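Taking it in order: structure first as structure tokens, then the write-up.
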Amino acid sequence: MQNQMEWDSDSDLSGGDEVAEDGWFGGDNGAIPFPVGSLPGTAPCGFVVSDALEPDNPIIYVNTVFEIVTGYRAEEVIGRNCRFLQCRGPFTKRRHPMVDSTIVAKMRQCLENGIEFQGELLNFRKDGSPLMNKLRLVPIREEDEITHFIGVLLFTDAKIDLGPSPDLSAKEIPRISRSFTSALPIGERNVSRGLCGIFELSDEVIAIKILSQLTPGDIASVGCVCRRLNELTKNDDVWRMVCQNTWGTEATRVLESVPGAKRIGWVRLAREFTTHEATAWRKFSVGGTVEPSRCNFSACAVGNRIVIFGGEGVNMQPMNDTFVLDLGSSSPEWKSVLVSSPPPGRWGHTLSCVNGSRLVVFGGYGSHGLLNDVFLLDLDADPPSWREVSGLAPPIPRSWHSSCTLDGTKLIVSGGCADSGALLSDTFLLDLSMDIPAWREIPVPWTPPSRLGHTLTVYGDRKILMFGGLAKNGTLRFRSNDVYTMDLSEDEPSWRPVIGYGSSLPGGMAAPPPRLDHVAISLPGGRILIFGGSVAGLDSASQLYLLDPNEEKPAWRILNVQGGPPRFAWGHTTCVVGGTRLVVLGGQTGEEWMLNEAHELLLATSTTAST
């Protein structure tokens, strides 16, 4: 049986009594975290559905926001392809020359290949005034066939002087409009009383095939379209699918294990991770001791446990002991782990987590110089013991390099300092899942300047981001704030510079102050958080900076949060615990490692700890 569409005119977009004090629909108990004040003012979101089974993808539905912002009534656009928005005025036949043809071609290619498109394009209202349309087109499949395309459109004013728009007489516009409307089938002349094909689908199909494919921000906007979609977007299971598709299965699994996650619900989790409204610093103390005292060790998180290995002791003595801090305990304290066959002592090395409870250490500076060996430790083994991995064709020995893990099985190492003192620019990969692991240098047509003290961060499925470090510039070395990315899913991966397109940073800066030995972590959705490290001048090392490399035009922004941050934070002493807590060890003096004091950055309300 066909479902009568509940049209926007019956939906109260003002929210009425259901609008919470913070301006979000429903507050903590509601389901649509969408700021009412921005609709349709500063950030109006249009919603368009086209029929992929008909030639030229004709529009079959637009929401009220689309009508208000563009000036086109629904009955004027139903049955047309949405490319008319690229023409200045309702009667112009050609695309305006200022519309980026490259973006148009990319969008056409995505539609033809049935893949998702994201981009920003110059569009025009009915009166000819320009506006920027940041849109996302998502193909909807049923039994492996694309049936519809869903478009979520974020409109903003375009500050472009195009001169007077082509005008028509006041009598001409209604006459042509009536002529166009009369050519439509009677059932399509008034969408508010007609039937929309998408609403003939069952709730299950809409939720699983359509809503679950959107981002948290998009689904929040979709919930404002009509009553039926409003009710569907209140379902916590729908939001879980949205978060899983956006953030990945592993991130979703980690969030599910956070204490209180079930109580708080996916709606609020999605909102807090998107807006960072609940992000806050907290200082806490732990028991136990790490003796002998040391610096330049490496820390890594395994679930709720923080592991430190090695470090530089008195008189530059390399250390090779292992300590664990269990933050899941009611009274966390540092404990020494008795392990057999420990690696040679070292500092300036990296310690990373691979599958489950396994840790991998690489390189560093030891008693007899630089190292390039690899050791694995299973923290949950009984008893735990280190095991050397004799990887074939290893990279040259190094220290102060950067590393990360991919897919839980692959170790990636980049840069660092060689025995000669020269800085390195190579990138190597070691697959630890192989029976006989072998190092492989990733061949690239171009490499960023050689550096040490930088960070490698994994985001998306198989992408890595490099930031900062002490980089070589001619015969000199300078702190860097450059950003480079590499997609390892490509047949021929290559480093690509990320250029900042403006920002909200003070003083008109396009990037955070240059630094090395800083902290860089990947947040759900692929955003990168940067802070800490060695920063020159009067710039604060504790200021948080956020970058989304997935954006078409990435731009840095400052993240201001509650609570008192640490004065210092170093990359080798900071780690993400449980996916929702960023723990900084020490951080008050920058020299003495007071490991009984720590700071944590809580990324969501439910992560508040009792320690």
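Cβ coordinates come from backbone N, Cα and C, glycine included.
As recorded in Swiss-Prot, the features of this protein are as follows:
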- 1-20: region 'Disordered' (REGION)
- 35-114: domain 'PAS' (DOMAIN)
- CYS82: S-4a-FMN cysteine (MOD_RES)
- 118-158: domain 'PAC' (DOMAIN)
- 196-242: domain 'F-box' (DOMAIN)
- 293-343: repeat 'Kelch 1' (REPEAT)
- 358-396: repeat 'Kelch 2' (REPEAT)
- 397-446: repeat 'Kelch 3' (REPEAT)
- 463-515: repeat 'Kelch 4' (REPEAT)
- 527-579: repeat 'Kelch 5' (REPEAT)
Sequence-distant residues near the repeat 'Kelch 2' (358-396) by C-beta distance (under 8 Å, 6 or more away from its ends) are 298, 300, 302, 305, 307, 309-310, 318, 322, 324, 337-352, 403, 405, 411, 413, 416, 418-419, 424, 426, 428, 430, 432, 436-441
A correct count of other C-beta atoms within 10 Å of the C-beta of the residue listed as 'S-4a-FMN cysteine' gives 23
Rounded mean pLDDT within the repeat 'Kelch 1' (293-343) lands at 93
Can you break down the repeat 'Kelch 1' (293-343) into helix, strand and coil residue counts using DSSP?
3 helix, 28 strand, 20 coil
Summary of DSSP states over the repeat 'Kelch 2' (358-396), given as helix, strand and coil counts:
0 helix, 25 strand, 14 coil
When secondary structure is assigned with DSSP, how many helix, strand and coil residues does the repeat 'Kelch 3' (397-446) contain?
0 helix, 28 strand, 22 coil
DSSP residue counts for the domain 'PAS' (35-114), split into helix, strand and coil
32 helix, 12 strand, 36 coil
